[in-house]
């Protein structure tokens, strides 16, 4: 356990780990998979010294941390910092201003986050209660994916061929796939509970490329928080959680002695290959015999859009006096971003072309120095601030007649915002190659999900239906397959803030962009200067 307001060393090291009867070297923090949980309290300052002992460049992102004026500690490589080179170190220094709940940390370079990740648990200030019944115990559950092969080799092979990468070999719960007979130490994860107790489960989807359904046989779950923001209590037997998202649920252990199946299984409502292997663990009541038969549960089929939609549409901000939903009512920037796949020429690729991804038909090109340094030090030639606020061509985005030309424009382009300006952003999926659900993550901000729908966004009729009172507030949102999502946020954090799809393959393919938020008035509305140990490129 790491506690904040103190310095901690996180050693990035390789370790031999055995899963699915096969062993491979993985990149870890302190030899742990998943990595160590960092515990802190609201308004604490966290200092983590990351020392790189592996052959790869490394950077760590503190997913969902606002990083008010401390963009240098945000972590995405070549966006806010140059990566930490082998043998080098960097101290991430940030304050958890006005934040409490479940967040997480993960590598933000290459595909290292497949094993380089862990929970960041921010407790309320001392003496401040939860706005829901106090649980007897809390448990972190990290859902992830496991490949038998080296994930860096998998993505490198895919980039070389221009095709999609191999899907994972298993899903995991706290690093354990489902129990496998004849595999030593492959008994699966056990969640021990006492009858009569209430548990707060802090669930994190750390998978690289897959949205997941999560369910516990014979038990209702009560959602009380998503992405470290309290929600109105929502009773459900199934939650849907996209890569990058966190969900806190209350679980009442009210079933007497027994063992119950805990399961995470993929949600994919497009014709795209997924890893169909369900991750299972056991909810194990104290006093149950090992020989007790585990109670099973039916799982939603992978394309169960109604279950996913119903869950997502039911989430609401708590919006209490103490925890209000401050939804921007006026909009300074009304943006419309299409999210799509594309195909660009590639002489060395298998079909003479490669699959790419784009926002408003711009496939983002990563710079060679960090955007934040270029912004702060006025280095020219690194980026242009002409990212389009509308798609270059308007057509029937989700219709069957897609444009014949699937080529995209390439560029390191950002969208500039004045300090404290308000933004409405409609994210529209398209049928280019295939419609698909895209979990979009915005660094540096929470946003309000004011609307979502199927088909093409209609500004006249859909805007009228927006929830501007108690919409769910989060940092990562799913754009539904063949549909749209509308978000609003206030640009009250100066710096350069990455926005990208949290399906790692789509980020690799270029489904990313950045907002530059200029300084406001005076030091409290300005980006702090970079720390002296900021890594060099």
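Every residue, even glycine, has its Cβ placed from backbone N, Cα and C.
Positions annotated as domain 'Plastocyanin-like' by TrEMBL: 15-125 (among others). Here the domain 'Plastocyanin-like' (15-125) is broken down by DSSP into helix, strand and coil counts: 6 helix, 55 strand, 50 coil.
What TrEMBL records for 139-288 (among others) is domain 'Plastocyanin-like'.
Sequence annotations record features per position, and here TrEMBL assigns domain 'Plastocyanin-like' to 388-520 (among others). Applying DSSP to the domain 'Plastocyanin-like' (388-520) sorts its residues as follows: 12 helix, 57 strand, 64 coil.
For the domain 'Plastocyanin-like' (15-125), the model's pLDDT averages out at 97. Across the domain 'Plastocyanin-like' (139-288), DSSP assigns 11 helix, 73 strand, 66 coil.
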